[in-house]
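Below is one structure; the comments refer to it alone.
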């Protein structure tokens, strides 16, 4: 396959960037080198995604570890120093193998000049599960280049191996172009992000005054553009509080022919509790939650007007016309700054195809609330659990009830005009020729908050991929122009951040 | 293991029976022979249950077929004639293997004397799935004799290999005792009962004027005593109409962080529809159903008074104290003669352990209604589907809705004082020394209706096992006294039926 030929056509972002940054010789050199090295970068990504680093599959844990070693080797080749594969111990239950080791965090440094600022870059090398049987157009653990669409398809291409390698490529381009990296870089690459980042919080806290002591800012490249056309910087994330309501009745699953009508069925009670949580228009029915939400200011309202997004984008993303709102600002506000409640499913009930006449003995309903400023997590827990308890009590059922928080992560919001965001905005303008949209996201990246709290620094979310990359879905892809443009943006960001006056 | 020794202690039912029937030389001979042959009968049952005839597991289909051949061989050894393994063709979808053959129905005759009545005996040789990992005390496909409890434990021991072999043992005992069988016997043993009796309806219809032409009555031994102490005859079964409500929204499962709050979630709508069906006291909320139920007469009320059953029995059976009623007659009426609605589960939603932040794209809620006289199935379908449709429409949701019947089987009720029931009652009195309770059951055995309609005969349900045999559960067992007593009851039944004046 003539990769070189294919890639030549994908350099639109690159060419534009070179022109935009024409006044800056460093940028020209680095960007030209990124263009030149792109086939090598694609090759490195191809090698990376071939390793089946699925953190959620215990049997594939050796592959996750193998990928950590692969990265370590690449970092070494590119001149990174103090490379450490930090072990996090055994994985806590629930696990099948009680001695299962967590994959290591890959720490490394590039440069340690005390006169330079230090940027910690975070990425994750583990991936979501994938199998061609799920409906992929090609083997998910083999990078396939779609010449027509100018994209690279593979599990991990966009989430998050492509962006993670971006930082290595920035360093390689500087070295080979003979341009000095304007900052000290520290990498923090984890292998458990898709499985709750187990162990990373603790490591960050431990190294706040150790490996990460000199860090001035943190840049995470593990999210996406809002749409497919315009680059964004992300300054807010909703949190997530995940609950379960467990209702238990008979000692074992029963036959509905024999017991139907005489036994208080746990499913009946659970459905009634779940029904009380949210209405079909997405309104949360638990009292006191909406009251905690920060009011929308006039200033904020205007922010939504300029963002490139439409109802059509939403419908395309959901593959349906089931959006609850028609206007751009309503959609974005309900996605970013209002809470939502989703009922995910029921554990213990019949879930197969066909018909089974079972009365499940113990059912656990799962739902989560996406949290936003100024919802207080502990107050939320109290409201949710007391609400469920009160609905259950009103049923007068002989079954037993329990409601509990399974896990939570707080919301995050940053100042989108601080030095790091400003540098990233300039970099975006330089590479893509447009001001990035300032976005928030509906999902949570809990590690964002950990970095902010433990290192007492700002955190920037600088996405490389597009909104339609299919990160957790089939046919995950990364557009070649995003791979190239994203890497250039990372490079330019480091320069602008180094030059900025304020930290 | 001194099986003989163990079994000696289990002959209480047998000894009593021999005494009770002392005046009838034929009975004495046959019953003594059954006692004498019991170790051989246990051995035959042990051989039968070792074959993993799980009809619901496609990969085990060869085992189901093997068991048909095993039965055929046993029938041949015992002098049955015209033995046919009737093929039913390929199994209709959904199947993984589209050329999967249905297991054969084992037809055979013992005697064809036109001066005798002909009794068709039905049983099934297939079994429910079982694995020691489910929590069995011993390997489920190996017959284990529990000496202390005087029972035989194995998958299929009570459901339905023990009762099925009972008919073979009746013939063997007559032959070896030198007593003529008072009726012609036809066997109809199927291998798909646990998987919907696919193909059997058609065979019965085809053979109504063929193999089954001379049948005077049908006896099914595939149910259980109400409790653990008193034998019963069963004259009624509830029907079952199984429905699903399918709600579809987005084109694929979505991430609740990204789409929560902006998309109309199918789960939210489905929970609202399911919530409208039944209350926590088991009352069906769909209008028009309770109105179809035959009123309780004063005469009927009295029937429940004499039945040996209590709230304690119910609680023991359910392994809990979650019964909705306190009085015996309320419990029995709600189990036997009132309809009930059970919500079984949801297909397409998250059903695993842990926490998954998914918005399921397509969810199918499954529920069924147990039907009783005089609910008309087609009218019921209309009421149910229109009710669900109307609730969904009230939600004003952009999602799509469908409600449909998955399958149904009508209720069945017989005259418990006809010749066949009267003969069985006499037989029970002879063997166990008590009048059997006349019971109905909450579950359905659809083939009962098919025999009645196609052969235009009465059907008797004559259980061998006890209410706590755990037919579809772990540690399925058959008490030795029921195995012996049940076989004697079958034998006596044939004699009393042959002697009765009316058909």
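Cβ coordinates are placed from backbone N, Cα and C, and glycine is handled just like the others.
Model, not experiment: these values are computed from the prediction.
The following features are taken from TrEMBL:
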BINDING   B:124, B:159, B:222  Mn(2+) 2 binding site
ACT_SITE  B:126  active site
BINDING   B:159, B:194, B:472  Mn(2+) 1 binding site
ACT_SITE  B:193  active site, proton acceptor
BINDING   B:222, B:255, B:357, B:370, B:444, B:472  substrate binding site
DOMAIN    B:237-391  domain 'Peptidase M20 dimerisation'
SITE      B:255  site 'Important for catalytic activity'
Expected list for recorded positions B:124, B:126, B:472 against chain A, Cβ threshold under 8 Å, sequence order, is B:472
How many other Cβ atoms sit within 10 Å of the Cβ of residue B:357 (substrate binding site)?
21
Would you mind pulling the DSSP three-state label for residue B:159 (Mn(2+) 2 binding site)?
helix
Can you name every residue in this chain, apart from B:124, B:159, B:222, with its Cβ inside 8 Å of the center of the Cβ atoms of the recorded Mn(2+) 2 site?
B:123, B:160, B:163, B:164, B:193, B:194, B:471
So for residue B:444 (substrate binding site), how many other CB atoms are inside 10 Å of its CB?
23
Please list, in sequence order, the residues in the chain of residue B:222 (Mn(2+) 2 binding site) that are at least six apart in sequence and whose C-beta is under 8 Å away from its C-beta.
B:122, B:123, B:124, B:159, B:160, B:163, B:193, B:445, B:461, B:463
If I take the Cα of residue B:194 (Mn(2+) 1 binding site) as reference, which of the recorded positions B:126, B:255, B:357, B:444 has the closest Cα?
B:126
Near residue B:159 (Mn(2+) 2 binding site), how many other Cβ atoms are within 10 Å of its Cβ?
28
What's the number of neighbouring CB atoms sitting within 10 A of the CB on residue B:255 (substrate binding site)?
16
Same chain, not part of B:159, B:194, B:472: whose C-beta falls within 8 angstroms of the C-beta centre of the Mn(2+) 1 site? Give them in sequence order.
B:127, B:128, B:160, B:193, B:471, B:476
CB neighbours within 10 A of residue B:194 (Mn(2+) 1 binding site), counting all protein chains shown, number 22
Do you know offhand how many angstrom separate residue B:472 (Mn(2+) 1 binding site) and residue B:444 (substrate binding site) by C-alpha?
14
Long-range Cβ environment of residue B:370 (substrate binding site), under 8 Å and at least 6 residues apart:
B:238, B:239, B:240, B:339, B:340, B:341, B:342, B:442, B:444
C-alpha of residue B:357 (substrate binding site) to C-alpha of residue B:126 (active site): distance in Å?
40
Fill in the CA-CA distance, the residue listed as 'active site' to residue B:255 (substrate binding site), as an integer in Å.
43
Would you say which of the binding-site residues B:124, B:472 has the most Cβ atoms within 10 Å of its own Cβ?
B:124
Out of B:126, B:193, the listed active-site residues, fewest other Cβ atoms within 10 Å surround the Cβ of B:193
Residues B:222, B:255, B:357, B:370, B:444, B:472 binding substrate per the record - widest CA separation, whole Å:
48
State the three-class DSSP label for residue B:444 (substrate binding site), counting H, G and I as helix, E and B as strand, and everything else as coil.
coil
